Amino acid sequence: MTGTTATATGTAAGDTASRVLVLNSGSSSVKYQLLDMRDSSRLAAGLVERIGEQTSRLVHTPLGGGGGDKRERTGPIADHAAALKAVAEELAADGLGLDSPELAAIGHRVVHGGLRFSAPTVIDDAVLAEIERLVPVAPLHNPANLTGIRTAMDLRPDLPQIAVFDTAFHTTMPESAARYAIDVETADAHRIRRYGFHGTSHAYVSRETAKLLGKAPEEVNVIVLHLGNGASASAVKGGRCVDTSMGLTPLEGLVMGTRSGDIDPAVTFHLKRVAGMSTDEIDVLLNKRSGLVGLCGDNDMREIRRRIDEGDERALLAFDIYIHRLRKYIGAYYAVLGRVDAVAFTAGVGENAAPVREAAIAGLEELGLAVDADLNSVRSEKARLISPEYARVAVAVVPTDEELEIATQSYALVRGVNA
Ligand SMILES: Nc1ncnc2c1ncn2[C@@H]1O[C@H](COP(=O)(O)OP(=O)(O)O)[C@@H](O)[C@H]1O
Ligand SMILES: CC(=O)OP(=O)(O)O
Ligand SMILES: [Mg+2]
């Protein structure tokens, strides 16, 4: 933590590359941000969605200087390589092209890093091979991450490409939380254990929650609820993850947009032996046709709430199942931590869906948990408390920023400073 303070001492603008491009490649989308790490400001941000379909869409927002108007492109974008080339063109149109000498690194979200990577890592052939080896345990994510990395390497072979792993923050989990209770030899031979995901978000949000409470991360125990399309909970004790709801793959745990979360593993035997489904069909069923979409046909919480308001019973049942699972994890992690200082809601659903927060915490006063209806209804991009003053445990909405965290870690690595 001492010595090289390249970022703190700084240098005149232009003579040290200070920009980081962050790529978050999902199965059918790429989110990106270009940041200036001298002040962590965003110069541009955007999203390419529905990659591989006829109706692909790129939305690019210039944010540097006075900003500028959002630009949108529609029409087929065949694959992640084409998507990244389109992003590079949009950045170039703002004078922020990938050829810029200001660019210090490209930071990539990589979902599965197994046990080998507990910190941000400069990508070389060996790292690429390891990410490739882990494709079977992150089939929706790692292939897209790899394409993003390879395309970025083609565009700027001279630049450090940094991998920031979703699994890294969870490598501190004790064996009691990380191991499945199955035959140890079989588990070890096939590296079967609970790895956990969304770690960049859990790390960032637990630190921001401590900040909101005016404390150091070491002083607080936080339950983080990352509720996006993929969703996971984590128990963070004094800044270190001690348990999380996702496992060998991002399928375990909470009910998600399209994933089942926890089920009895015997369901899969039954589907195979009795329903005659193949392993691949079961994989697709549990990862893509389950969760909220499987229960009611919609995976967007906005749509589900709209249907509930119209009296739709399937939507209501889907919501109730989602909430029931979430409450079980809050209770479980309360017991894992012993003392809880805060419960933090984050990601698309956690940051925006007040009814989810209300239902998740309702009736838990005995645990020191409560939500104030007025505070809960406030819409804001800022971290904020939604618990009443009397409550023993803080309940907070803490917007996640995986891209900022990836940029911070990537820049620290290329500058040789601790993040
Ligand atoms: N205003 C809103 N109200 C309720 N839910 C919302 C709102 N905005 C977004 N969401 C939910 O957030 C989800 C997307 O979350 P996000 O964290 O962006 O997911 P991901 O990163 O996995 O794509 C949507 O599917 C939707 O369910
Ligand atoms: C790991 C995971 O589930 O990621 P996402 O929420 O981006 O799908
Ligand atoms: Mg996400």
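Going from the start of the chain as shown, residues are counted 1 onward.
Positions of Cβ are set from backbone N, Cα and C atoms, glycine also.
Note: TrEMBL annotation is automatic and uncurated.
Since the structure is predicted, the reported quantities are computational estimates derived from the model, not experimental observations.
Using a 10 Å radius centred on the Cβ of Asp166 (active site, proton donor/acceptor) and all shown protein chains, the other Cβ atoms total 27. Reduced to three states, the DSSP call for Asp166 (active site, proton donor/acceptor) is coil. Sequence annotations record features per position, and here TrEMBL assigns active site, proton donor/acceptor to Asp166.
The secondary structure of Glu402 (Mg(2+) binding site), as reduced to three states from DSSP, is helical. Within its own chain, Glu402 (Mg(2+) binding site) has Asn24, Arg109, Thr200, Ser201, Tyr204 as residues 6 or more apart in sequence whose C-beta sits under 8 angstroms from its own. Residues annotated as Mg(2+) binding site in TrEMBL: Asn24, Glu402.
Residues or ranges marked as ATP binding site in TrEMBL: Lys31, His226, Leu227, Gly228, Asn229, Gly230, Asp300, Met301, Arg302, Gly348, Val349, Gly350, Glu351, Asn352. A sphere of 10 angstroms centred on the C-beta of Leu227 (ATP binding site) encloses 27 other C-beta atoms.
Under the DSSP three-state reduction, Arg109 (substrate binding site) is assigned to strand. Per TrEMBL, substrate binding site is recorded for Arg109.
Secondary structure at His198 (site 'Transition state stabilizer'), taken from DSSP and collapsed to helix, strand or coil, is coil. Per TrEMBL, site 'Transition state stabilizer' is recorded for His198 (among others).
The site 'Transition state stabilizer' annotation in TrEMBL covers Arg259 (among others). Every protein chain considered, the tally of other Cβ atoms within 10 Å of the Cβ of Arg259 (site 'Transition state stabilizer') stands at 27.
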Cα-Cα distance linking His198 (site 'Transition state stabilizer') and Val349 (ATP binding site), given in Å to the nearest integer: 15
Of Asn24, Asn229 (the binding-site residues), the residue whose Cβ has the fewest other Cβ atoms within 10 Å: Asn229
Cα-proximity to Arg259 (site 'Transition state stabilizer'), 10 Å cut-off, over recorded positions Lys31, Asp166, Leu227, Asn229, Asp300, Glu351: Asn229
Cβ contacts of Asp300 (ATP binding site) (under 8 Å, same chain, 6 or more positions away): Gly257
